[in-house]
């Protein structure tokens, strides 16, 4: 088990470096190589890459861990503050990419079905509204984590996860815990169950909304007769990239969240999911940036052109000096 824990810690470290590098390259590509056809969409791509880099940095600073002891699920951050509100803040940050994905799909849908509405993405009031949605989602996750869970009070559940964390990771963290003690004293906790249901609803609603926009966009691309073949091909390519981009957080964030939160409720004890969940979170920013760089031709060719040009220049310099 300790070799697995050590391997997963190495994976997190590698993903941290790759996440910063790849999202930095994506930000550069968006600013340097975005064609005029992207319009305001490049601002959304900038927001997404910036959010990914922010999540990478926060992961490094907060060092989160998930623990399962019996049927008790717990999340903790390892910081100098030792405060469960810091852990709740980390949980709240995980809602950012899901809100942005919904906004991305809305943009793609409007590009095909309501192109006259695209100008709203350059409207300050509409942008402020989108920011308020993102902030509202974060606030909801934060408040549910602080007030809808345990871990603040001294309890047998918190003591058990403190000991488990010290045994597994060599770190004794006393107060920064968010604890879901599903079956305290072998009794069903209705209030905690409500928190879990609300969390599931928030996660699935954002994914469902994105799916609806994607299906409707594909439908209108396929059935419209008012668009040029070039425009249709462009929209298909961008929508495919966005679908691939959505697949990444679904696998590396959605599924780990749903599994780790819900399986203890059904009295299932499989702690491997808790061990790998945070390392999987760190895979998301890496793969997310990789998908966008590989699938958007302008970015892929632009970055490859820089690498190739540098290689050619180095070879020319080498021939000159020899």
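Each residue's number is its place along the chain shown, starting with 1.
Using N, Cα and C of the backbone, Cβ positions are placed for all residues, glycine too.
Note: TrEMBL annotation is automatic and uncurated.
Annotation source TrEMBL lists transmembrane segment at 13-31 (among others). Here the transmembrane segment (13-31) has long-range neighbours at 42, 45-46, 49-50, 52-53, 56-57, 59-60, 279, 282-283, 285-286, 288-290, 292-293, 298-299, 302-303, meaning same-chain residues at least 6 beyond its ends whose C-beta is under 8 angstroms from one of its own.
Look at TrEMBL and you will find 43-62 (among others) tagged as transmembrane segment. Among residues of the same chain six or more beyond the transmembrane segment (43-62), those with a C-beta under 8 A of the stretch's C-beta atoms are 12, 15-16, 19-20, 23-24, 26-27, 30-31, 34, 77-79, 86-87, 89-90, 93-94, 96-97, 100, 103-104, 107, 121, 245, 278, 281-282, 284-285, 288-289, 292.
The transmembrane segment annotation in TrEMBL covers 86-106 (among others).
The transmembrane segment feature in TrEMBL is assigned to 126-144 (among others). When Cβ-Cβ distances below 8 Å are used as the criterion, the transmembrane segment (126-144) is approached by residues 88-89, 91-96, 98-100, 103, 120, 195, 198-199, 202, 206 of the same chain, each at least six residues removed from its ends.
Here the transmembrane segment (190-219) has Cβ contacts under 8 Å with residues 95, 98-99, 101-102, 104-106, 108-109, 112-113, 137, 140-141, 144, 148-150, 180-182, 235, 239, 242-243, 246, 250, 254, 257-258, 261-262, 265 of the same chain, all six or more residues outside its ends. Feature annotation from TrEMBL assigns transmembrane segment to 190-219 (among others).
What TrEMBL lists as transmembrane segment is 239-264 (among others). Distant neighbours of the transmembrane segment (239-264): 48, 66, 68, 70-73, 94, 97-98, 101, 104-105, 108, 180, 182, 196, 199-200, 203, 207, 210, 214, 217-218, 221, 270, 273-274, 276-277, 280-281, 283-284, 287-288, 291-292, 295-296; these residues of the same chain sit at least 6 beyond its ends, with a Cβ under 8 Å from one of its Cβ atoms.
The annotation transmembrane segment is assigned in TrEMBL to 276-296 (among others).
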Non-local residues, at least 6 beyond the ends, that sit with Cβ under 8 Å of the transmembrane segment (86-106): 44, 47-48, 51-52, 54-55, 58, 62, 64, 75-77, 79, 130, 133-134, 137-142, 145-146, 176-178, 202-203, 206-207, 209-210, 213-214, 217, 242, 245-246, 249, 253-254, 257, 281, 284, 288
Sequence-remote partners of the transmembrane segment (276-296) [C-beta within less than 8 Å, at least six residues beyond its ends]: 8-9, 11-12, 15-16, 18-19, 22-23, 25-26, 29, 45, 48-49, 52-53, 55-56, 59, 64-66, 94, 97, 237-238, 240-241, 244-245, 248-249, 252-253, 256-257, 259-260, 303
